[in-house]
Amino acid sequence: MEKWYLMTTVVLIGLTVRWTVSLNSYSGAGKPPMFGDYEAQRHWQEITFNLPIKQWYFNSSDNDLLYWGLDYPPLTAYHSLLCAYVAKFINPDWIALHTSRGYESQAHKLFMRTTVLIADLLVYIPAVVLYCCCLKEMSTKKKIANALCILLYPGLILIDYGHFQYNSVSLGFALWGVLGVSYDWDLLGSLAFCLAINYKQMELYHSLPFFCFLLGKCFKKGLKGKGFVLLIKLACTVVASFILCWLPFFTEREQTLQVLRRLFPVDRGLFEDKVANVWCSFSVFLKIKDILPHHMQIMISFCFTFLSLLPACIKLILQPSPKAFKFTLVTCALSFFLFSFQVHEKSILLVSLPVCLVLSEIPFMSTWFLLVSTFSMLPLLLKDELLMPSVVTMVAFFIACATSFSIFEKTSEEELQLKSFSISVRKYLPYFTFLPRIIQHLFLISIIMMVLLTLMTVTLDPPQKLPDLFSVLVCFVSCLNFLFFLVYFNIIIMWDSKRRRSQKKIS
Amino acid sequence: MAALGIAMGGGNWFSALVLGVTLLKCLLIPTYHSTDFEVHRNWLAITHSLPISQWYYEATSEWTLDYPPFFAWFEYALSHVAKHFDQEMLNVHNLNYASAKTLLFQRFSVIFTDALFVYAVHECCKCIDGKKAGKELTEKPKFILSVLLLWNFGLLIVDHIHFQYNGFLFGLMLLSIARLLQKRHMEGAFLFAVLLHFKHIYLYVAPAYGIYLLRSYCFTANKPDGSVRWNSFSFVRLISLGLIVFLVSALSLGPFLALNQLPQVFSRLFPFKRGLCHAYWAPNFWALYNALDKVLSVIGVKWKLLDPNKIPKGAMTSGLVQQFQHTVLPSVTPLATLICTLIAILPSVFCLWFKPQGSRGFLRCLILCALSSFMFGWHVHEKAILLAVLPMSLLSVGKAEDASIFLILTTTGHYSLFPLLFTAPELPIKILLMLLFTIYSISSLKTLFRKEKPLFNWMETFYLLGLGPLEVFCEFVFPFTSWKLTYSFIPLFLTSVYCAVGITYAWFKLYVSVLTDPPAGKTKKQ
């Protein structure tokens, strides 16, 4: 690539932004007794380093599961252990059993931030660069601009480097999976995706599209011949990688069950905190959490999720293509986020990743979605005192997208990929030509709402009777946006091949 | 919507670059800030709470007001905004006060005043006649120049991390250069006069301005061979120039003259009591001189030529010693540095007089003035290298030869700023930003001049690559060795000596190129 230096510049900009954000506060800084996710990660290092592997997921006098007990899959635990060895080398106090609880210092913060940066640099960033380099039908300059936008996506930066988590690892592995599967390295792709699931169980949001896409590929090759071989190979890869990750926990049945119980805490309720999904947002009008019994909630959320992702998945099995795969990833993750049980506000990042991948195809809508997704985490970011970096990175991301893709000129039906949909609607409603204009207006309204709500949350004190007024409003507005996007992405998927056929007819 | 679209899209790359770097500056707000932060807070307090007659006498804080009056007025103006943020920062006795709001205000004051710098860059881009425009945006000289100036590593870390107000001052300088290039000489002279009364360090480049204005503005015509036509002298122009400079100076110094305080003001502005080298050794000739002295003394002690008891103890063990005592070589007095500086500047000024080459000649003379005074000046700050780096950016997109000198000068000069930021959280930032700027500047200029001979020979390449291992040694290896306690000066010593070599080389190369350039008449008509 003759423009390698521009790509290097872009990566360096991404890294600089990441590190400058990391100079800010983290979740639960100086807030005993529970602190926040930062302390959780540090505590996991303490636990994994000091306790034998058999006790990691069990409650004991040394391992109080109520105090940030390990509730992520084994790969996270191994990663914590690795970090703990480095921590032990630098300063053993950081991970001393019991006494290190709530340990905070400038040096330790630096260490923790560095671990995030290194993980990001090893897993996520190379995947993004490679993904952008492999894009087809694009000039080098566009590829680089695309990489810049993806690397500047504020949601991931703010959660990983501000709030403190290691999402870039699981999302990075998922991205490696997408890369592998899209370019016919199916086995490597599924291996990478298994690593992603074993790092963070939330990656299951992405699992159905992976499954459907690979299954569709097998069908396409013919289930009696090559397809069957591929299916067997894939199954073996998946099973083998799972066994490898879970090996220490497969020795006893109780171990495995305990880990699973920790990973899927079904008794924790329909939702916690304020999250921009349907259940939380509409609880203002209908308190499902209190009305229905627990198992009914699970059933209902399962049914809704299943129904909303079903059409896209079936379509993907029947017509597997890398493009449809990416869009299905979006809708599936979005359906899970909106309807499933026990969703965290940070899970929106799982939707944002595939949206980043379609940034070059539908720049206008993707930019919009990515802004809303960051906005939906506003209450969390404000709690962590990340207002300044949030606003700055969001504006920076917006400018980057606007200049690289000139998004405001790309609002025609064609550019929004709504041509075939509009054509089929026009058969019944001949006057249906105002869709792009409506979408433009919706965009404006949505942006204005976000700005206003941000300003209100920051400057005004909520009324005493409704202390959560603004965060509920933020969730509600974001949820409405997400529902709209769910419909939009489903339309794109459903009308995709028709569009291609009609194009062929024209040509 | 459409307006937004035009503002954002439509290939308006300049505003995107500006907005991008502004946002980066906002992200740098929580970074480390040096004592200069307190210096400026103190000046805010002094100008706000004391009458003018006290400004240059006040000495509650050790950071007394030592910039010319315009800067004091600038702080005075800022203080009227500051009082809406936090009244407490305007109290003279509130030493080392740095509340969150104070920090926010001071940082934003730098970011906002940078608007002038942005405007100046915009004007400069309009008037450079860089190499023929390429097809692609990223290969256009104007684009490259904007990035080199707006995203300048030195300015970013000195202003927005270390904390100073160089942005708008360099803005004034670039704007005055742009005005001279646009043949609006009076405006240029006015701006430069104003600049001098903001920060007197720009006196270093005043000879270039003086000679250029005299030669190319007051003399209105040349003989055919390019030498001056004496009878074309325009008295009106000279007098109007003089009037401008006089009026600006009167406005600035007048009140203090009226108060009979001028000697006090000048004693604050030119503190010759400070040492030859600044706290960190600026990478100039004296750094090499001191290093040679140190080496000689070590050799002397080893070979028993010197008596170890006579060597002043602790003279160089830390970088914070203000007075440096030489052991072998003769000590240097302020007068000696002044003479050296003048001698170093003279040839370039002569060149500007006898072989005027229009704007390019002026720029090169200006850079040589800045570099020569950096090389030989008394108590030079390593930050002063920006005085040469920024104007040199204008030249770099014009000719391959200049680009090569620019890259050596900039890379070493920027690297020599590293010791300014010594705190661990800022380490990745300075390395990342430095890599960002260096990789971009080298690659983009190489692309721009790809059809000409390579920008670096093997020696220069080797030297520049050597900066990498040097950084690794200074920041990552040395702190873990046992020398850390006994020889804590080694990283600073190595950095300044290594960079001094590069900067001396760049200075020398530029001088040779200026002196050997054929006279104007033959190559270029101007």
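All positions are counted from 1 along the displayed chain.
Placed from the backbone N, Cα and C atoms, the Cβ positions cover glycine too.
Noted in TrEMBL for the protein shown:
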- B:1-20: signal peptide (SIGNAL)
- B:12-32: transmembrane segment (TRANSMEM)
- B:141-158: transmembrane segment (TRANSMEM)
- B:188-214: transmembrane segment (TRANSMEM)
- B:234-259: transmembrane segment (TRANSMEM)
- B:335-355: transmembrane segment (TRANSMEM)
- B:361-378: transmembrane segment (TRANSMEM)
- B:429-449: transmembrane segment (TRANSMEM)
- B:461-481: transmembrane segment (TRANSMEM)
- B:487-508: transmembrane segment (TRANSMEM)
In contact by Cβ distance (the transmembrane segment (B:361-378), the transmembrane segment (B:487-508); 3 or more pairs under 8 Å): yes
Proximity verdict for the transmembrane segment (B:234-259) and the transmembrane segment (B:188-214), three or more C-beta pairs under 8 Å: yes
Selected stretch (most C-beta pairs under 8 A with the transmembrane segment (B:141-158)) from B:188-214, B:361-378, B:429-449, B:461-481: B:429-449
Residue numbers, six or more beyond the limits of the transmembrane segment (B:188-214), whose CB comes under 8 Å of its CB atoms: 67-71, 74, 169, 172-173, 175-180, 238, 241, 244-245, 248-249, 252-253, 269-270, 345, 348-349, 352-353, 356, 361-362, 365-366, 368-370, 373-374, 377, 384, 387
